[in-house]
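Student: Per TrEMBL, transmembrane segment is recorded for 12-30, 344-363, 370-390, 396-420, 441-468, 474-498, 536-556, 855-874, 881-903, 959-976, 988-1012.
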Amino acid sequence: MLKKLLDRPITVTMALLVVIVLGIVSMRLIPISLIPEVDIPYITVQVTAPNLSAREIDETVVKPLRQQLIQIHSLEDIQSESKDGGGSIQLTFRQGADIDYLFIEVNEKIDRSMGSLRDIERPKVLKSSATDIPAFYINMTLKEEDVLPENTDMELFPVTGQFSQMSRFASEVVSKRIEQLDEVAMVDISGCVRPEILIIPDQEALLQMGITEGEFENYITSADIRLGSLTIRDGEYRYNVKFQSFASDKEDIGNIYINHEGKLYQIKDIARVIEHPSKRSGLVRSEGKDAVTMAVIKQSDAKMADLKKSINGLMDQFAKDYPDVEFEITRDQTELLEYSINNLISNIIAGVVLACIVIFLFMQDFRSPTLVAFTIPTALIFSMLVFYAIGLTVNIISLSGLVLGVGMMVDNTIVLIDNITARWQRGDPLRRAVLKGTSEVVAPMLSSVLTTCAVFIPLIFVSGIAGAMFYDQAMAVTVVLLTAYVVTVTVIPVYYWWWYKGFSSFRPNPFLEKFSFNRVIGKYESGLMWVFRHRWAGWSLFIVSFIGIVLCFKFIPKEKLPEITYTDMIMKVDWNDHLSLEQNTERVKEIEALSEGRVSQFTSMVGMQQFVLSHSGEPSVSEAVLYFKCPDAASLGELQRAISDHIARGYPEAVYSFEASGNIFDMVFAEKESDLVARLRPVSVPEIDVRMVESIVSDVAERFPMMYVPEVTLKKDMLYVADPEMMALYGVSYQDLVSVLENALNENSLFNIVQGEETLPVVMGVDTRDIHSIIDGTFIQRDGGDIPVGVLMKQTYDEDLKTITAGAEGNFYPLQMELDGYSAQEVMSGVREAVRQDGNFEVSFSGSYFSNRKMIGEMIVVLAIALILLYLILASQFESLVQPLIIMSEIVIDIFGALLLLWVCGATINLMSMIGLVVVCGIVINDSILKIDTINRLRKDGFHLKHAIMEAGQRRLKAIVMTSLTTILSVCPFLSRGNMGDDLQYPMSLVIIAGMVVGTTISLFFVPIVYYEIYRKQEKKESIR
């Protein structure tokens, strides 16, 4: 076939152009995303019950649901958290399970349970997906806002009228305009204030008129008339009958007439009717001002670049249309995507340029290196066509595969051109040199490609999302190597023949000839002879490497992923105290002042938020979520330390954490648990007792003084217990008591008024007062007398856990611990001893320590499977069971060299470095494959063993050094770090560089020794015969 192709260069060129054109078109159509599209195996059930405590929610709602949901198949873990007013159940499923089907099954289980649950709103079921992470947030603030007068009642009017108007404008206009964009799925909004109409009766007037609060309430609700669907017939016609209530705003309510004992009164005569912002349980601040924030959710099939372009255009239009409002885009995921992807592409280009420089210096003319350089863009464009055909996206995982492929794709081209040129220089005619030189290396090159691809196959055995994610990397490397191989064996020989057929012999370029490789060959021969005389040194290195690998695995820190550089972060703080929203805000303002001048963006979400989706978690009124964006990572670290010091000095009881700002990569891969979590389950009492938990947590903290052990987060409730004896004495029912208290607390909602798209609740209450004034100043009218509410109730205090946590095993207290220099075994032994001495608990452990160990164990299995596959492929190629062992003997030394460099550079053993080890095993032996293949051919041609080894070393030296240098230089740009793409590739790059440097040296010097030791006795026997 190759003979025919040599005579048809135009046909070859046209076919190549077809592939290039289709590849360029495919590049424009391939979706670009931060990570591959994968199913995220999490489903969350959110429970809302505003009037129930954490204990009540856990016992009466969450526990029954948990017992139903635990029966769902493919469930790996279930964990619930219950707080005052709500709770959540997190379901974790086996990776690969059909999440859409499981989502339906979870909803069916909940529907079946609703009949046995308390009268609450149906729990929400949320399925995690890549689009849950907002593409960005848009903060709205007023450029100039009026100041509230000093005598303003802050309870009734916490914000200005301007901010109230902006809130309504944001929810009814701005969010709708953003949702009209084709790329936007929804806009989730928080920070708005909702208006309500409050009716405050004049108690003295009611008393004089003899009207009870219950009667007054009935007069008002009677004005809200709602008829069903009524029709009336008039002859042959039928009409729909509608009755419109006249109560449509506060004036209408004030004008309602009351007929009491034959006299007409209006509501406004005996009560005050005001429209005011309803009581806030949370707020949003941006750049020191109250704000409304909108989370923009991208359509699943939309491109980030298109979304960013549309939003930028809309922001420009908003600036013109609404000059009094300031719009700010924060937590922009498109910046992260663009920065990471652009850096990866830049590094690929840098790697290509460095590889080309090496090729030009070694080839000693400009034509053959041009052919090698031509292979790189051609194979990349061809790869994009295959990407599009098989449905791969461009993301940081697949691009990392391309990075690996760039260094390896030129290896085969270098080997082919070097072999053709060598045969031509040894006297073969050019056409014979092209045909014979190509046929000699086609099989070894295919074997090296298959061995490299084979090491990625076992990655499918990595459990969880990681295994699904790195499918893209494996496919990218496979596609690049196979396309490069096809281009190399079909196109390069044809172009080599047509470029050089006018030359009688190979003539080096005079300038490049100065960089002659002959001196290197001479030194290599001297070095190889020295190694033959000191073979014991090679065997000693082999033994030392075994021991070194064990030591490295023991002492190098292990984690799931390498540390990623960020310039922004999220801080979550629970003040662990009964704070009002106002007090919480004041503390947040202190952190705001501390960060002034250090951040480019600052947003705080204080208290409970109004998002439909749980973008900020489920914070309570005494919690806050703060977002910081700094100019660089160093500034972020300084700010984090300053905030930690401030909280430690001023609020030592607070519990806080810092985490990544919430991109899709962190959503999928971030550690959601501490290093070690001790799950303390009570055995002596049915429920978790606060004092028992505090005792054992204090014991653990004393045992490990250098380790941070968080305080037990508690809540203290003021508890009012109805006195049945006093209620019976005065003839007061429970319903009467509840109704009066609802009025006193402004929680008695009468009906709702619809104004456009907004619903205004009409509430009856009183002027805002503190709790003691309410209890002492609230009365129930009975038999012409007033009974103080305080007489009917007893006051006490109750302290309990703020969050009730449970799993498949039942309720437990999660004691979260960061190891901080202690070994996990040491900490677990200490906790078990504390539990044994206490006697009230039993303990089990979870945490990232175990998941990291599991991941490392899986990667070791992957490495073992990869080595077995390599052996099988090599055995089939060489038709020998011994020669694959010769080639693979160098892997032990290569792995030791790679781990040693990781240790020296302060890196960790993680998923990326382990993938690097697997990759090294596949690519580092390519040089040895070519060398062993050459030695075998020379021995068949009649060379003696030692002569064949020396000759093969000379012939393959330049190709081996060139292929190693191109692979090393292609990954060198990733040593820069500083962004997500480079940070992820950094440990893998270290491993590949170390493995290739050591592997090249071993291939040149150690592999010949092993080959010689195995076959010299065989040669002696053959010579005797």
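Each residue's number is its place along the chain shown, starting with 1.
In case you wondered, yes, glycine gets a Cβ from its N, Cα and C as well.
All annotation found in TrEMBL is predicted automatically rather than curated by experts.
Map these features onto the structure and tell me what's around them.
Tutor: Only residues 6 or more beyond the boundaries of the transmembrane segment (370-390), in the same chain, are considered here, and those with a CB under 8 A from a CB of the stretch are 16, 19-20, 22-24, 26-27, 29-30, 352, 355-356, 359, 363, 398, 402, 405-406, 409-410, 413-414, 417, 475-476, 479-480, 483-484, 486-488, 491-492, 495-496, 499.
Sequence-distant contacts of the transmembrane segment (396-420), counting only residues of its own chain at least 6 positions beyond either end whose CB sits under 8 Å from a CB of the stretch, comprise 34-36, 340-341, 344-345, 347-348, 351-352, 355, 359, 363, 368, 371-372, 375-376, 379-380, 383, 387, 433-434, 437-438, 440-441, 444-445, 448-449, 452, 469-470, 472-477, 479-481, 483-485, 487-489, 492-493, 496, 665, 919, 923, 926, 930, 958-959, 962-963, 966-971, 974, 980-981, 984-985, 988, 992.
Beyond the transmembrane segment (855-874), the same-chain residues lying 6 or more positions past its ends with a Cβ under 8 Å from any Cβ of the stretch are 447, 450-451, 454-455, 457-459, 461-463, 466, 558, 560, 883-885, 887-888, 891, 909, 911, 914-915, 917-918, 921-922, 925, 929.
Residues 541-542, 544-546, 548-549, 552-553, 555-556, 867, 870-871, 874-875, 909, 913, 916-917, 920-921, 924-925, 928-929, 932, 936, 987, 990-995, 997-999, 1002-1003, 1006-1007, 1010-1011, 1014 of the same chain, all 6+ positions outside the transmembrane segment (881-903), place their C-beta atoms under 8 angstroms from a C-beta of that stretch.
Panel annotation: around the transmembrane segment (959-976), residues 346-347, 350-352, 354-355, 358-359, 362, 403-404, 406-408, 410-411, 414-415, 418-419, 520, 923, 926-927, 930-931, 982, 985-986, 988-990, 992-993, 996-997, 999-1000, 1003-1004 of the same chain, lying at least six beyond its termini, place a Cβ under 8 Å from a Cβ of the stretch.
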Student: Let me spell it out: take the transmembrane segment (474-498), skip the flanking residues so only those 6+ beyond its ends count, and list any with a Cβ under 8 Å from a Cβ in it.
Tutor: 2, 5-6, 8-9, 12, 16, 368, 371, 374-375, 378-380, 382-383, 386-387, 390, 392, 397-402, 404-406, 408-410, 412-413, 416-417, 420, 430-431, 434-435, 438, 442, 445-446, 449, 452-453, 456-457, 459-460, 919
